[in-house]
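**Student:** Sending over a structure as structure tokens; questions will come in a sec.
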Amino acid sequence: MTPILFAFSSAFTLGLTGLVFHRVHLLSALLCLEGMMLSLYIALSTWSLGMGSASSSALPLFLLAISACEAGAGLAILVATARTHGTDRLQSLNLLQW
Amino acid sequence: MAYFVYLFMVGLVLGMAVVAVNLSPYFAAFGLVVVAGMGCGVIISFGGSFLSLVLFLIYLGGMLVVFAYSAALAAEPFPESFGTTGAVLYFMGLVGVVGVFAILYIEEGSGLGGCSSDEVMGMSSCVTEYDGMSQMYGPGGFLLVLCAWVLLLTLFVVLEMTRGSSRGPLRSVK
């Protein structure tokens, strides 16, 4: 395994660990998701740069656009949750009454 | 120069560990800033200057500002930082596990991968990226327009989602 492969795969795994094990705030979960997308961006970039293939080096930009959509939708959910529940703690999302 | 690349990679993993420890969201946002900066360094040391610029401008300048702004929604009176509730131990544990896997799985002398070692006049010789960027506007134009439409759709999704308590998808049922 080359060092860059290990670096971004361990960064992805660390983000996944944070997403799975600690879900106190919704914003923390979103930040972990963003970190995973960032490691995927680095993976795609270094892959296309390492392969030296021209046409695949536009792929990280498309990934970044989709990632921006995901971040926008997630932050919209965060704002809506903070409005209706008054907090962004994930425990308050399954309350039936507030 | 290769030591810089290793520095960036170690910073990438350490910043991601800070995000994964899940302190208060402020500190996680700071960790993500570190990860984005180090990722820029990694990409630029592989010869992708334009991709690194895009990551820096869009990610650090655009998205993380919004994340830092919405950290105000997660405000709490006693933010959990390093030094409380054994976060340092958890951080050390994560980094230790990653270090053990690094010793086990990184083959010695495997190089960096990529073409960062080829240098012409001190600069990287990977220039295929610019061909790809121009191809994005030509043969890849359909995907480009599709991504623009997806972003526009996201705008309406966000507007509907934050509409408020009366008609939004997330509202109090009365």
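Backbone N, Cα and C atoms are what each Cβ position is placed from, and that goes for glycine too.
TrEMBL labels come from automatic prediction, so no person has curated them.
These came from TrEMBL, pasted as-is:
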- B:6-23: transmembrane segment (TRANSMEM)
- B:30-50: transmembrane segment (TRANSMEM)
- B:56-75: transmembrane segment (TRANSMEM)
- B:87-106: transmembrane segment (TRANSMEM)
- B:140-159: transmembrane segment (TRANSMEM)
**Student:** For the transmembrane segment (B:6-23), I need the partner stretch with the highest count of C-beta pairs below 8 angstroms, choosing only from B:56-75, B:87-106, B:140-159.
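**Tutor:** So the stretch in question is B:87-106.
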**Student:** By Cβ distance under 8 Å, which residues at least 6 away from the ends of the transmembrane segment (B:87-106) in the same chain are close to it?
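**Tutor:** 13-14, 17-18, 20-21, 23, 80-81.
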